[in-house]
Amino acid sequence: MLTKFETKSNRVKGLSFHSKRPWILASLHSGVIQLWDYRMGTLIDRFDEHEGPVRGVHFHKSQPLFVSGGDDYKIKVWNYKLHRCLFTLLGHLDYIRTVQFHHENPWIVSASDDQTIRIWNWQSRTCISVLTGHNHYVMCASFHPKEDLVVSASLDQTVRVWDIGALKKKTGSPPGDDMLRLSQMNTDLFGGIDAVVKYVLEGHDRGVNWAAFHPTLPLIVSGADDRQVKLWRMNDTKAWEVDTLRGHMNNVSCVMFHAKQDIIVSNSEDKSIRVWDVTRRTGVQTFRREHDRFWILAAHPEMNLLAAGHDSGMIVFKLERERPAFSVSGDSLFYVKDRFLRYYEFSSQKDAQVAPIRRPGSTSLNQSPRTLSYSPTENAILICSDAEGGSYELYTIPKDSISRGDNVPDAKRGVGGSAVFVARNRFAVLDRSSNQVLVKNLKNEVVKKSALPIAADAIFYAGTGNLLCRAEDRVVIFDLQQRLVLGDLQTPFVKYVVWSGDMENIALLGKHAIIIASKKLVHQCTLHETIRVKSGAWDDNGVFIYTTLNHIKYCLPNGDSGIIRTLDVPIYITKVSGNTIFCLDRDGKNRAIVIDATEYIFKLSLLKKRYDHVMSIIRSSQLCGQAMIAYLQQKGFPEVALHFVKDERTRFNLALESGNIQIAVASATAIDEKDHWYRLGVEALRQGNAGIVEYAYQKTKNFERLSFLYLITGNTDKLSKMLKIAEVKNDVMGQFHNALYLGDVRERIKILENVGHLPLAYITASVHGLHDIAERLAAELGENVPSLPKGKVPTLMMPPTPVMCGGDWPLLRVMKGIFEGGLDSIGRDAAVEEDEAPADGDWGEELDVVDVDGLQNGDVSAILEDGEAAEENDEEGGWDLEDLELPPEADTPKASANARSSVFVAPTPGMPVNQIWTQKSSLAAEHAAAGNFDTAMRLLNRQLGIKNFAPLKSMFLDLHNGSHSYLRAFSSAPVISLAVERGWNESASPNVRGPPALVFNFSQLEEKLKAGYKATTSGKLTEALRHFLNILHTIPLIVVESRREVDEVKELIIIVKEYVLGLQMELKRREIKDNPVRQQELAAYFTHCNLQLPHLRLALLNAMTVCYKAKNLATAANFARRLLETNPTIENQARTARQVLQAAERNMTDASQLNYDFRNPFVICGATYVPIYRGQKDVSCPYCSSRFVPSQDGQICAVCDLAVVGADASGLLCSPSQIR
């Protein structure tokens, strides 16, 4: 028994699995219903509205509902999405034992101690039938999974089967009100007649606790207080007892058939779960608990899971492992399925049966193969299983029988915990009792013995002559030759071992952990998963791809991991090749899953510093999202992350982190919040970019910092303006500081005097020798003149005169990083950024001072934007400078600032139209029209596998010229090129660019097709071939609007391809003069091209004539017959055909043998013109789908002369509707 999940709780009386989600409901004796996620092992929800024990619970198959019944006589229907009870059904008069939804109809069946079974309609919320007949408690009742039957078990020692077919008919049309009342009275008095007892099964000596139907066969199983499990069979007329299964030591509480195997599972108050074989009617296995009686069993409707409820909780378990044993070697996989060894080839996806594997002798479960080891040189296979306490079988398969599945010589057997090949013809077997390894040869004889360094319970292959030995808490690599330990690693318990292709790395898979180590077991990283790890394989880049129960994930060499995709059912990865994962599912079927590897390849390239790869991934794919940005930031690549981000706040943070001041300014301007400006100032100061620091301080109105900045950069002009600003703002301290920085003594005295600090003003004046002012102040002070200190010589405090104003710090010239240069056009348009942030110019040599706005809140707006004047903000109470009677200088900066605004500012260039076209479109024709020929060629290569662009050159040039017009203004000015748009009209918005006008359209092709048909009819084959080839060469550059037209274009390719191939063969036939056999063959093949009827008749006539002349009468007769079958309208053709038939009937022979068999369907190779019969291998052209013999793989297609035969291509993209 494989326990998957266990809970500890009050006694569990009812269980129900959800059919799709990994959920199970448990109803408890305490009245609570618990909803568990058994995969994660978490309690999701609890519902407690019942009073007293809840004995029955059941999930609805498709609605978000479940039903419960309890000892409070109530049936409640709940919605688990809304987390509440929707309604309560009342009617039973005693405890309710079980409840169950019907699989199709809106019914619930309930069994109760009031000796009745009721069927309810949960949509109308009424009882529609009462089944009476039992004369003791009814312990359970359930619907048949397919038929209109109900089975019930009661303590009256019987099992009853009820037919509810009449109920189905009755629910068809609703009766009138009176009828309803009458039938309701009937039901209450006599139990209604909608359900009748079909059989009463008597045979148990005590009360019956449970009865259940078999999911498909006409069988019933029941369990009772007489400790017996009985098996019953039924047919249309009667039911009878088949057998009794004895073994339980106490009341049998629940019993059921297993849906996937021929077994019965029962549990009992004797604290055991027993598994019985239905066919042999014997016990197979018993699982016991120490102290807990079992009460209930439930089976998962879809998966191989069971659950059992007992006195102190419940367990979710599996009876057998579902992992198929497999081994991968190069391009092949050997695996076991349904007692057969099978072989699978990855490249051709061919699957074959190799040999039958014997059934184990014992009947117990879990005897299926556990591991498989393969020796490719000897073609030998070891299969280990747990039978007989661990045993192995050795099969040697003759080389040629793999594909045939012939008889394989008998297996050699032996006993041992695990067995693996360690060399070409040697395998090691673990003998646990003596803790040694026996090395044996292919005759199963012991060659040598070797004691192990640790008490191992399993061994795995670890390279030739080496073993990986596993103990509970560690693994070691042991060299069998030298008997040395090569590596040792502490690990959690390891279940599986996966070596990388080059045997350099190893992944050790535990239940919830993955440890990656080197070949010498040097630890590299450990990953922990909450959900069980199932399998894994290495991809070609050294990334480990693994699966859990519900995800495919990756693990990079440095331990970073992520999800690739989710899974509906668990799978076991066998091999990862490119972006395809090959795997086995639980039914042993091979599957190939295609994944998107971009994310982990991107992270791997970053890790390995392969920035060119990173660049190309960023350019070509849609990698973005918060997770990716966080990852790049965390790994120290903010400048890369910057190119993914649109959100301004994130861009700002990343720009600061990578020191990209330009982008930071642009983002700060867009956000325009004080905090962001402050942080921008700090970073700009760190980089010595005084202009931006100044700008940031101005934006935040941080005048103190601004003054200090001007002081240290020696900008006295602006300092004097700061002084004026402080004066306007009435900021005395600011005024004083600025005067101090400027060394303006008179200003300082004036400030001190104005605020009433006369003693300080007097001292300042007298110390600086301004005696006239000092005397005036002394007169004002009178008695209170302060005394100056004696014996001190005053020194002058003056800022040094700036010899040179400090601009921005000089920066080192560095090469633009690969990311910055290459990606400018991606995250946003670079042109815009340059414009928003001209951070290189010093921002404001003429100070953008000052307009006083709304002095109530003391705000001053400095005039910013690139030294242009700010508009005046006329808030109420805007003060005029004249009112303040300031000195006249205050007006000057304002005037000068305004004078500048008349300077013409050139508009910024927008994005060229052809760039818009290429950005918006992934149609090759539109790229060619925009003049972007290389991307057009790349698109055609990716979509259609085209490699030979010579025939398309003139069309590319036509498209480009046709979508542009040229204007000449003056002779001296350059010619202006204008883009011509498709579908333009006068009402179109001027700023929205339409797609380019294209010179080729679909209707032209239809004209060319008609011309081609006409030329074919009149026998001008070279001209016809030219028309058809021209169509084939134009189609890749066609754009149509609707999906219907796309289908017409694809249809046209097929039509034209057939004509091109046919005409090429006919023209070649006409060149051949000296080889009559080849002439006949080519004429014959021409009749197998898919042509219009008139042309087919001409081809048949032609072939008939050629063969008749060459005395191949039987072949000629075949063509004549085919010609007559087309009912030719030209009498001349019909007459000739009839004559040929008459001549041939006299002598049905062929003079020469042709490579032509009209009975066997074939296609014609487009290069060698030989038939490829059905079943033979071939390769095709990704564009025109012509078929070729395999030797042509990689050559240019001879039919369309464009694409590479056998190339990978995504398909024709010729309409915007395909992209939406």
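Cβ atoms here come from the backbone N, Cα and C positions, even for glycine.
The annotation repeat 'WD' is assigned in TrEMBL to 47-88 (among others). Helix, strand and coil counts under DSSP for the repeat 'WD' (47-88) come to 0 helix, 23 strand, 19 coil.
Residues annotated as repeat 'WD' in TrEMBL: 89-130 (among others). For the repeat 'WD' (89-130), the model's average pLDDT works out to 94.
The feature repeat 'WD' is assigned by TrEMBL to 131-164 (among others). Away from its own ends, the repeat 'WD' (131-164) comes close to residues 94-95, 97-98, 100, 102-103, 107, 109-113, 115-119, 191, 194-202, 204-213, 215-216, 220, 222, 224-225, 232, 234, 239 of its chain (Cβ-Cβ under 8 Å, at least six residues beyond either end).
If you look at the repeat 'WD' (201-242), the same-chain residues 6 or more away from its ends with a CB under 8 A from one of its CBs are 136-137, 139-140, 142, 144-146, 149, 151-161, 248-257, 259, 264, 266, 268, 270, 276, 278, 281. What TrEMBL lists as repeat 'WD' is 201-242 (among others).
Residues or ranges marked as repeat 'WD' in TrEMBL: 245-286 (among others). Within its own chain, the repeat 'WD' (245-286) has Cβ neighbours under 8 Å at 1, 206, 209-210, 212-215, 219, 221-225, 227-231, 292-297, 299, 301, 304, 306, 308, 310, 319-320, 363-365, counting only residues six or more beyond its boundaries.
Look at TrEMBL and you will find 341-585 tagged as domain 'COPA/B second beta-propeller'.
According to TrEMBL, the region 'Disordered' annotation covers 866-898.
Per TrEMBL, the feature compositional bias 'Acidic residues' maps to 866-888.
Residues annotated as coiled coil in TrEMBL: 1127-1154. Nonlocal intrachain contacts for the coiled coil (1127-1154), taken as residues 6+ away from its ends with a CB within less than 8 angstroms of a stretch CB, comprise 1076-1077, 1080-1081, 1084, 1097, 1101, 1104-1105, 1108, 1110-1117, 1120-1121.
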Query: For the repeat 'WD' (245-286), what are the DSSP-based totals of helix, strand and coil residues?
result: 0 helix, 25 strand, 17 coil
- line: For the repeat 'WD' (201-242), the DSSP helix/strand/coil residue counts are 0 helix, 25 strand, 17 coil
Contacting positions for the repeat 'WD' (47-88) when only residues 6+ beyond its ends and CB under 8 Å are counted: 13-19, 23, 25-33, 35, 94-101, 103, 108, 110-112, 120, 122, 125, 301
- line: Helix, strand and coil residue totals from DSSP for the repeat 'WD' (89-130) stand at 0 helix, 24 strand, 18 coil
Message: With helix taken as DSSP H, G or I, strand as E or B and everything else coil, how many residues of the repeat 'WD' (131-164) land in each class?
response: 0 helix, 20 strand, 14 coil
